[in-house]
Amino acid sequence: MAPGGSALKEVMESNSTGMDYEVKTAKVEVNNNKPTKPGSAGIGKYGIHSNNGVYELLECPVCTNLMYPPIHQCPNGHTLCSNCKLRVQNTCPTCRYELGNIRCLALEKVAESLEVPCRYQNLGCHDIFPYYSKLKHEQHCRFRPYTCPYAGSECSVTGDIPTLVVHLKDDHKVDMHDGCTFNHRYVKSNPHEVENATWMLTVFNCFGRQFCLHFEAFQLGMAPVYMAFLRFMGDENEAKKFSYSLEVGAHGRKLTWQGIPRSIRDSHRKVRDSQDGLIIPRNLALYFSGGDRQELKLRVTGRIWKEE
């Protein structure tokens, strides 16, 4: 959400009624600590399923993650990772001795000989890596969990796509629609007073995949603008298989945007700041709205298609 903005309820106008509705503020309480589902995003600490005691030796007793150099030890041989050494204020959490700066070089050397699976193996990654290459791979693994794409508030929930779809529907109360075309009217009674705002996103089920439609108001330099854009619930390589168009207009004039939906791997803010979408200056948006230009009534139409 843009700094200082508010989450606004998007209004979708039915072609059969021709009625406009005022945008409502979305007040949704979200449990950001909601556990992920087993077998989807609920996974083990580091994806190692082995009875080998070496792996247990490499587990930090404080954070329970695998340890990477420098691995520290106290005079009695108890080990812990470098991050936790700072957290425990240089005191061994096992025996309470002062840690000092003793490295456990033997354990670091043993780790070099190990091959371990990706921590996301139960999400589909079955590759095996040298111990010290595993962490770098996991930062970019295509099977790693996605972050919730909701833009109306900060949400820390992660998971696979099916888990996030349920989360968006149940926890954020996001509207879900089937189809590859859309026709929305965004309404706001006091657009001149709203410099930063994020409307409630809508999720479309299209070609068996999910797409998030965003709409918001923010300042582009000194100019107030509105922006609409689409994000794909999947990886960037999959997103490139699709294209979409957005259009606004009235009085014989129109603005059209065509592009490729961005993956939700890219944050909402990153996409907005890159201006990768349909940008409508506020004066033009109010012109398209008609009337005395004191109320936003902006119709955004669009469609999604699959590239052959």
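In case you wondered, yes, glycine gets a Cβ from its N, Cα and C as well.
Swiss-Prot has this to say about the protein:
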- Cys118, Cys125, His137, Cys141: Zn(2+) 1 binding site (BINDING)
- Cys148, Cys155, His167, His172: Zn(2+) 2 binding site (BINDING)
- 110-303: region 'SBD' (REGION)
- 60-96: zinc finger (ZN_FING)
- 113-173: zinc finger (ZN_FING)
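Considering other CB atoms within 10 Å as the measure, the emptiest surroundings among the binding-site residues His137, His167, His172 are those of His137. If you compare Cα positions, Cys118 (Zn(2+) 1 binding site) sits closest to Cys148 out of the binding-site residues Cys148, Cys155, His167, His172. Considering only the binding-site residues Cys125, His137, Cys141, the residue whose Cα is spatially closest to the Cα of Cys155 (Zn(2+) 2 binding site) is Cys141. When secondary structure is read from DSSP and collapsed to three states, Cys118 (Zn(2+) 1 binding site) falls in the coil class. Surrounding the centroid of the Cβ atoms of Cys118, Cys125, His137, Cys141, where the record places Zn(2+) 1, the chain contributes additional residues within 8 Å, namely Arg119, Tyr120, Gln121, Asp127, Phe129, Lys134, Glu138, Arg142, Phe143, Arg144. Every protein chain shown contributes to the tally, and the Cβ of Cys148 (Zn(2+) 2 binding site) ends up with 22 other Cβ atoms within 10 Å.
Of the candidate binding-site residues, Cys148, His167, His172, the one lying closest to His137 (Zn(2+) 1 binding site) when CA atoms are compared is Cys148.
Counting only the Cα atoms, the space from His167 (Zn(2+) 2 binding site) to Cys125 (Zn(2+) 1 binding site) is about 23 angstrom. Helix, strand and coil content of the zinc finger (60-96), in residues and according to DSSP, is 6 helix, 6 strand, 25 coil. By a simple count of nearby Cβ atoms, those within 10 Å, the most crowded of the binding-site residues Cys118, Cys141 is Cys118. Within the zinc finger (113-173), the DSSP-based counts of helix, strand and coil residues read 23 helix, 10 strand, 28 coil.
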